[in-house]
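Enquirer: I have a structure here, written as structure tokens, and I will follow up with some questions on it.
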Amino acid sequence: MKIGVIGAGVMGRGVAQALAQSSLSVVLVDIDKAKLEQAREEIATQLRFRGLFGSSGNLEASEQIMDRIEFTTEHHSLSDVSFVIENATENWDVKRGIYELIDGICQQDCIFMINTSCISITKLAAVTTRAPQVIGTHFMNPVPTKKTVEVIRGYHTSEECIRAVDGLMGSMGKEMIVVNDYPGFVSNRISHLFMNEAAYVVQDQVASAEEVDEIFKKCYGHAMGPLETADLIGLDTVVHSLNVLYESYQDPKFRCCPLLRKMVDAGLHGRKSGQGFYTY
Ligand code: NAD
């Protein structure tokens with residue numbers, strides 16, 4: 001079975017790697033050649049080092065896994081895939097343009113899986129001619145090692161589509177939790193309030209980023225603090241998501257912290273740019 005993956009950024013490269021490691025053929029599409037090259041290098045590195053962190057028995061050769069991924073800038077290469085997992089930039093106009101385009105390229109029975117932090121699945125499904133086959137799949141980062149996916153049922157998503165996606169997730173060794181469609185779903189609607197308020201706490205000089213994160217880890221037993229999480233996601237993506245939440249609910253509780261906006265304007269995008277609340 002062949003799977004299309006759109007977007008070769010933080011999430012798309014993780015999704016492509018996880019699929020290829022599960023013996024599936026992948027077509028990875030990005031408009032940016034440099035992103036595709038970075039993705040190729042990063043996936044190869046991740047595969048080479050995976051034995052150091054996980055089980056070391058009977059690992060398939062990295063080259064063999066890499067051979068299952070086709071890297072391309074051509075959306076037309078998605079004409080014969082069974083599923084598309086789209087991980088493009090968290091921006092309505094970008095995603096809308098992609099769904100209008102691929103709806104005319106992919107086969108009628110191809111399922112569209114939207115990886116988004118906050119954008120409405122129902123609204124994106126409406127720009128296609130196949131709303132019952134459109135579903136949200138909010139993967140966790142880093143995709144190859146995170147076992148659970150938040151799956152979002154759009155207004156028209158069919159039970160058949162949910163079963164097909166469950167089958168694909170099963171072959172990737174992942175389980176899913178299915179929720180209904182409202183912006184931010186469960187995870188991001190709640191976590192973005194945490195991350196945003198943590199940024200306000202730093203802005204107001206109540207505590208440093210390290211101190212905020214330590215409180216969450218040591219007092220609450222979280223694996224990561226909210227600001228480390230924001231850096232991992234990408235501060236630009238966090239700001240995009242807060243904007244979507246603010247516009248969607250028209251609720252001031254989602255107003256983006258000015259410090260977050262300033263950091264993004266200054267090019268501090270978190271882990272992927274080498275600098276965010278922490279230096280990498
Ligand atoms: P990113 O900025 O790292 O990557 C986005 C990629 O999309 C870029 O490489 C860009 O060139 C590409 N792109 C833009 N327009 C395109 C087009 N028309 N066709 C093909 N590729 C195109 O973003 P990311 O962090 O990987 O996030 C991707 C999606 O996943 C977003 O919707 C985000 O909200 C969601 N998400 C992110 C995380 C996270 O931790 N970063 C977690 C879960 C979900």
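Quick reminder: no glycine exception, Cβ is built from N, Cα and C everywhere.
TrEMBL: automatically predicted annotations, no manual curation.
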Enquirer: To which of SER117, SER120, SER158, SER248 does TrEMBL also attribute binding of NAD(+) at the site defined by GLY7, ALA8, GLY9, VAL10, MET11, GLY12, ASP30, GLU90, LYS95, ASN141, LYS272?
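Expert: The record-listed residue among the candidates is SER117.
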Enquirer: I'd like the number of other C-beta atoms within 10 A of the C-beta of ASP30 (NAD(+) binding site), please.
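Expert: If we count other Cβ atoms within 10 Å of ASP30 (NAD(+) binding site), we arrive at 24.
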Enquirer: Considering the binding-site residues GLY7, GLY9, which residue's Cβ sits among the greatest number of other Cβ atoms within 10 Å?
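Expert: Compared across GLY7, GLY9, the most Cβ atoms within 10 Å surround GLY7.
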Enquirer: Grab the pLDDT values for the domain '3-hydroxyacyl-CoA dehydrogenase C-terminal' (184-280) and give me their mean, rounded.
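Expert: Mean pLDDT across the domain '3-hydroxyacyl-CoA dehydrogenase C-terminal' (184-280) comes out at 97.
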Enquirer: Among GLY9, ASP30, LYS95, ASN141, which binding-site residues lie by ligand 1, judged by Cβ under 6 Å to any atom?
Expert: GLY9, ASP30, ASN141
